[in-house]
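Single-structure report; data block below.
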Amino acid sequence: MHELGTRQRPLSSSSSSSSSSNMTDVSAAAGGATAPAETAATSSSASKPLTNGANKTSTAMAAPTTTPTTAATAAGAAEAGAIASVAGISNQVKLEHHHRQSNNNRPVAPYPPVPAAKPKPTPTPTAESKFKSTSREVDVALRPTPARSSTISPGVSIHTQTIQQESSSAKPGMSSSSSSAQQDVDEVARLFEEKPEAFEKWLTERAPPEALSRLQEFIESRKPLKRPSVTSDLFQQWMSASPTVQQKSPRSLSNSSASSTLPECRRHLMDLDEGELFMELIRDVANELDIDVLCHKILVNVGLLTHADRGSLFLAKGTPHNKYLVAKLFDVTQKTALKDAVTRASAEEIIIPFGIGIAGMVAQTKQMINIKEAYKDARFNCEIDLKTGYKTNAILCMPICNYEGDIIGVAQIINKTNGCMEFDEHDVEIFRRYLTFCGIGIQNAQLFEMSVQEYRRNQILLNLARSIFEEQNNLECLVTKIMTEARELLNCERCSVFLVDLDCCEASHLEKIIEKPNQPEQRPTRAIMPGDSFDEKKMRNRFTVLFELGGEYQAASVSRPSKTELSTSTLAQIAQFVATTGQTVNICDVHEWVRDHNQIRAESEIDSTQAILCMPIVNAQKIVIGVAQLINKANGVPFTESDASIFEAFAIFCGLGIHNTQMYENACKLMAKQKVALECLSYHATASQDQTEKLTQDAIAEAESYNLYSFTFTDFELVDDDTCRAVLRMFLQCNLVSQFQIPYDVLCRWVLSVRKNYRPVKYHNWRHALNVAQTMFAMLKTGKMERFMTDLEILGLLVACLCHDLDHRGTNNAFQTKTESPLAILYTTSTMEHHHFDQCVMILNSEGNNIFQPRTTRTFLLLARRFLRFDLLPFRAFTRALRPLVRPLLELDVLELPDPSRIFLLTVYLRLVTRTIFLPPPEDEEEEDEVEDSVVLVVASVVVVVAVAASVVLKAELDVEALSPEDYRSVMKTVESAILSTDLAMYFKKRNAFLELVENGEFDWQGEEKKDLLCGMMMTACDVSAIAKPWEVQHKVAKLVADEFFDQGDLEKLQLNTQPVAMMDRERKDELPKMQVGFIDVICLPLYRVLCDTFPWITPLYEGTLENRRNWQDLAEKVEMGLTWIDHDTIDKPVEEFAGCADEEIKDIEFTVTTLNCNQQAQHGAGAGGDDSHTPEHQRSGSRLSMKKTGALGKAVRSKLSKTLYNSMDGSKPKTSLKLLESHVSEDMDDKSPTSPSQPPHAGGSVGRMSASSSTSSAGTVVDKSKKRSKLCSLL
């Protein structure tokens, strides 16, 4: 029955007809002891739904046959009978329940509603049988039924509701009462509450599918905050894969089943008055979201309201400048089924432009048109009548507007069916009022349809995004999938993708990929006008691959079109136009567009082409890498702006997919090239065998001969080979070779390889690594810090010191970041340090360089070499039999043997091969045949088993002292942490934590975090240990560091066009002493001071740094006064020579430049200076008088002094130069005298000592120091 006929409303308590109807229902349920009129009313109510119209009809029919008195009597009797029957039923329920409880094992017969014959005994039902027999009642109980109001007592109302539920849900053959059914349900429910596992078992094993579905519906209906929305069940149904026509709303599913029953379902609506019918029809379309179902309901309901014969509904489509009407449903009558109407409209789509025809005029003017005689109106088109044979008399056409007043459709009804020849004003008013509500419903349905389309689009785009990662190694599959999705979503006939040949497929494109892409620019989508043109010279043969996808059942094709095919194909020329201009083209008429563009030749392939949508495909750099093309929509209409928007998303994903695939191919190529480069690098980075053998055979001197235990070690006197021998001595002296069973040749090869991988830069070279490693060795041995370290940690620290600057390029991390070098891209933090560690790992992984390899493998290699020397295989037949047994073990690894076993068997196999090749052939072939095959096989098998067992046993014995995997990971972790700690940024991060531990008196450094902090501080102390070397070593090393920094500054000026910092600016080289003092105060002295406080055995590092600070401070002050220039190759002569003096005058003078107040030094003597020399420089008072501060050495004097010194280099006039110097200094010294001559002299560290005559010094000539100083002062 139709939904409108089954809709029930709450009955009014004041309605007499409603009370009468309820009473008759109760009487019928009680047994029928009522008057015939009541029985008739009961039967009428049972056969017809309880609607207002039905109640009115039944009352009207009963009125002529009864008088008022009779009716009142009948009503009273009915009410009394109802009360009595209810009381009887209540007692019957109590008795039956008591009987079931008192005798639960005997058969129980249901009590009839009225006295009847003796009931037939039945067996006692179990809980499971009750649930099976009452599954329909359970279903009724699970369904939420709204309560109905009534004027009767609550018990009667509930019973009435139960009877209505039973009468509406039970089949005609059911004989069980509602009370007994309810009791069965309650009993089964109690059983399931007591034993929920039984209920779960029944649901999983024996529940029928329909019961599970109803239960699921009930659970879903009980969810809180359930309201109709885009996330409702209807929306979920719509989003399924079924076609839209099959997605009916729940209220319309029963309506479209059979067209013959449709008039019967709606016949009861004729009994409603006009107002109720109008509201009922509005409710019918209010919540409908299926646009097809909604339009069908609108036409059917309008025909019912206006008594029209048939109707049509048109929806507005197109752009604001090109609107037209599309017939959604056409000629729908009261008997037309939904499926037939939709099928007929889809088969022949009717398009009416605005302003054409009756519907077009209504859409354009927004005014209603009521035609009384259609054939007399010039706007009427009678062609449809001629085709169908139907005669149109009256037409009423009215616009459908949204809430803003815009036209969204037009509704048209034809011919009246109630005998009238035309539509009157009443019909027009009803039509207008109803379409007002229909406009709201149509717009909601369209919005819902758009949301569904958007959801489908998003799902497709998500699938495409997923496909980009799934098909990144197969471009053909990826493009085919994208084209298939685009063709199905946009409903077009063909789809093509043209790919452009770019250099992005080459590995050299990697630098372009690394660059950050700019923001993508928006490209407007517009239709190509006839006046648009382009330069024919810009069209080039750029397409190399063409993907084509035809109809639904056609497979995709991939081809490489030739130049001739591209030049003769119209579609290809249009694609070239898009690739050249970078614009999206939407061609409505291809033939007209080709005629307007003379450069493009029209071919026969466009005869069947009507519309084309063509769009460029760009990559991240906004470079056109292809063109996507859609051809002909399935319904023959042009591509809309919405189609272009959707297609743009496909083009973007296509570009992403193509770009990603190309980058994946490039990455594969680069990885292959990287493997080749690493192989070549590993070969060239490894030391040669000749060098390794030579170093292996060299004698290694003792550590004392290399001065390895001293903190004053210098490498200036060592040749390159001696540096390698010194490294080997450190490993031997720490007992690392014997402790970890490191093969001596492997260690030699590794040392030579490490030296080979250092670049010949000025400071961060192999000798710097040697000095760092020697300082670590001295700290461990002389500084007694090895007692805080394990042997494994000592090994890791020495390896880290030697490898901490591998492949250093002479530039720091900041320079790598500024220039955006590949290293800076590869490592974001501690760039060079990570690279040094990677180089260290690369060398260790090179063949023959892994000093951390397990001992068992090396042992079995030695066993293999020894095995080859013995002659264990006397028979040729034996070798032939044993060889096929050993070879599968080596190739297939059937026994899953460990590495030593495989090596041992490989040795056996090699021995068999060599014996087979080099053994002379037997003199007597028959003697060889005498050996039985079975004996040979048995002996060969025994040899294999023994070899495997022996290798396993030997491995178990030798693994005791091997470097286990845990030890290997531990030593590699130590090496990595130590190398990264040489980054001063890491030092500053760890320094505060280390200082806190030292200040708290920490003495246990065995924890993992504390040990890591200690190792990091030790690595930094070793890395900057050149600052603690003797002054004659330190100032040379400082000059090397400065030169390397100056080279980086030159690169910054040249490449980056920026001004470098002071320490890297060659023009500010005179500030080097001052910068050295700052470096010592900020980094070196605090580090060495805290280390000395904790480990007093390394005090020489602190003292040497303090001494060098005094020297740098003095030199910095002399630079400020102009007495020296930092422009030599090395700073071994910080003060200029007095080349103008005669040799005989300075023959025995040892120039000692300490301070400029030489007279005070002469007065106080060496004792005062010696006492003060032990006081740290930065702790002394600033009482020392400087000629710079007093102005004793003016600018003019310094200029003349400079000229005198440099002009006297040739020694032509030494005496004159000396006198000139003396006169200038004396004049200036007389003008400015010291303010406090009694102050103690400043004991800054001596900058250097220069002997004027080495022969005199060697002869042992004794010179008075005070006399020397006096002579020097007299010269000044």
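Cβ atoms are placed via backbone N, Cα and C, with glycine included.
Features of the protein shown, as given by Swiss-Prot:
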- His768, His804, Asp805, Asp1023: divalent metal cation 1 binding site (BINDING)
- Asp805: divalent metal cation 2 binding site (BINDING)
- 12-47: compositional bias 'Low complexity' (COMPBIAS)
- 57-76: compositional bias 'Low complexity' (COMPBIAS)
- 147-166: compositional bias 'Polar residues' (COMPBIAS)
- 167-180: compositional bias 'Low complexity' (COMPBIAS)
- 249-260: compositional bias 'Low complexity' (COMPBIAS)
- 1248-1263: compositional bias 'Low complexity' (COMPBIAS)
- 474-658: domain 'GAF 2' (DOMAIN)
- 688-1119: domain 'PDEase' (DOMAIN)
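Here the features listed in Swiss-Prot are placed on the structure.
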residue: His768; record: divalent metal cation 1 binding site; DSSP class: helix
residue: His804; record: divalent metal cation 1 binding site; DSSP class: coil
residue: Asp1023; record: divalent metal cation 1 binding site; DSSP class: helix
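Proximity of Asp805 (divalent metal cation 1 binding site) to non-local residues of its own chain (separation of 6 or more, Cβ distance below 8 Å) is seen for Tyr758, His764, Asn765, His768, Ala769, Met832, His836, Thr982, given in sequence order.
For the binding-site residues His768, His804, the greatest number of Cβ atoms within 10 Å around a candidate Cβ is found at His804. Around Asp1023 (divalent metal cation 1 binding site), taking its Cβ as the centre, 22 other Cβ atoms fall within 10 Å, counting all chains. Summarising model confidence by region, the domain 'GAF 2' (474-658) averages a pLDDT of 74. The divalent metal cation 1 site, placed at the center of the C-beta atoms of His768, His804, Asp805, Asp1023, has further neighbours from the same chain whose C-beta lies within 8 angstroms: His764, Ala769, Val772, Cys801, His808, Thr982.
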